[in-house]
């Protein structure tokens with residue numbers, strides 16, 4: 001079958017798949033260390049989803065009041081509902097201030113205080129004095145377009161350090177041999193050629209799989225391509241049941257209204273005009289962690305206190321803030337609300353509803369970005385030749401619930417750490433081992449089979465069924481009955497994928513085929529998500545079970561590992577959460593009841 005395609009071969013030291021914040025920071029970091037580096041991306045780098053991040057990036061700089069990275073770590077562990085690995089969280093929070101200064105030196109145009117320091121705003125779940133003090137102003141912002149500022153800056157650095165970009169190349173599958181990754185195969189959408197990239201290290205920075213759901217803040221390109229490739233390679237994914245619903249997606253549109261809006265003083269109200277978060281989180285109020293706020297909003301709507309004709313959303317008020325503050329600190333939000341909700345934020349509230357926003361689960365890694373698997377008694381056995389970073393990965397620094405503004409930090413800290421580890425492991429321009437020809441043949445055969453699929457089911461119809469099922473059955477609140485039914489329905493939808501029809505058989509800009517490949521990736525991840533959720537019989541972070549409303553620390557402080565075998569069966573396994581810290585600069589943070 002390989003003879004039927006024009007296959008171009010490449011050899012690099014490292015290949016990064018994805019050109020968002022994590023991918024670019026990793027790519028230019030590796031190139032800077034002297035490694036011959038390629039970056040494959042299915043869209044132009046500055047269109048990657050990092051560009052949509054609004055509110056900011058967290059670090060205990062202390063510009064707006066006393067702060068400490070240890071307090072940041074405490075908040076992150078608490079926010080994770082004690083499912084985050086404390087060694088990785090320590091690494092991230094301790095390295096955060098240096099990461100911000102590095103970004104500033106690269107040229108990120110952060111907003112400034114009157115005395116010229118980087119402006120920091122309050123964000124949900126961020127406190128001082130290990131949760132005993134006032135709210136921390138820890139989130140460094142470039143107005144409400146922080147991701148845009150960071151992404152463009154990192155792209156400039158990548159060009160400076162001569163990363164070789166392969167733009168509008170769709171990554172199809174990993175080249176796996178004897179349990180090691182030897183490279184990746186990609187399809188050039190512009191001319192239809194297939195490319196075999198050999199690499200001593202492949203870095204997956206492909207983002208989340210938010211488009212498995214019907215309503216999501218994610219771009220339509222967020223289809224979890226890295227996670228899909230990992231599952232097909234026979235490797236597990238971790239903690240996939242934990243899907244974050246952001247409290248403030250614009251009603252009906254799903255577009256994000258940053259948490260920074262509440263950080264600047266915005267507040268939520270129900271149909272009675274009541275600031276209801278005061279009942280659910282008396283101390284933090286509207287700046288409780290995202291899972292707490294999303295559940296509170298859902299309860300208000302369920303109990304008949306929603307607003308609008310159908311009483312199915314709530315209002316976010318910013319109209320008490322001065323137009324000057326809105327213009328200076330939240331200019332993008334004002335524009336987004338006008339376009340997608342028809343609202344002038346200086347006069348009227350914004351209609352909002354919890355919307356899928358972030359995947360805490362992903363490809364399991366250590367804090368160097370190296371992919372790890374459970375191998376007998378070794379729970380952190382390294383898979384040679386492959387790394388994962390950003391939302392595609394599960395380090396796990398976010399555990400069961402991510403704190404806002406920790407995701408951009410995750411990208412740059414672990415993008416950098418992956419580059420440093422790769423430079424330590426790889427000798428530049430070292431030779432590649434020969435690859436068995438049947439490995440490439442298998443990948444091409446799968447691609448060709450999907451390309452020539454001539455069944456009875458349209459990809460768009462199947463995708464919509466998956467998205468609606470995930471939205472209704474694996475949502476803010478979950479029950480065994482709903483999850484079991486959802487598992488059965490997603491399994492049936494995945495089986496029907498065998499009967500898809502691809503009308504366009506061409507190889508050049510074939511969006512029909514792109515969507516089919518993306519759906520394959522989404523379906524596998526949707527499947528392990530719903531089965532992992534059905535198996536976890538407790539409530540923790542974003543995984544809220546109405547039939548198991550309490551957190552169960554005796555049985556469930558453990559990571560879920562989920563994979564799919566050759567027969568399509570879901571395999572679930574578990575491994576302990578790392579509760580020990582990396583150094584003795586901070587003690588282990590023991591589990592306590594999570595109150596805001």
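Glycine residues also receive a Cβ, built from the backbone N, Cα and C atoms like all the rest.
Record check: Swiss-Prot places 246, 258, 357 at the substrate site, and the matching candidate among 211, 295, 302, 402 is 402.
Note: the Cα of residue 22 (FAD binding site) and the Cα of residue 49 (tele-8alpha-FAD histidine) are spaced 11 Å from each other. Close to residue 246 (substrate binding site), meaning Cα to Cα within 10 A, are the following recorded positions out of 18, 47, 49, 51, 290, 407: 290. Sequence-distant neighbours of residue 18 (FAD binding site): residues of the same chain at least 6 apart with a C-beta under 8 Å from its C-beta are 39, 40, 41, 48, 204, 205, 206, 207, 226, 390, 392. Fewest other C-beta atoms within 10 angstroms, among the binding-site residues 258, 407, are seen around 407. DSSP assigns residue 357 (substrate binding site) to a strand. Straight-line distance linking the Cα atoms of residue 402 (substrate binding site) and residue 55 (FAD binding site), rounded to a whole number, equals 14 Å. The recorded positions 47, 49, 246, 290 differ in how many other CB atoms lie within 10 Å of their CB, and the one with the most is 290.
Binding residues for substrate (246, 258, 357, 402) extend across at most 14 Å, taking the greatest CA-CA distance.
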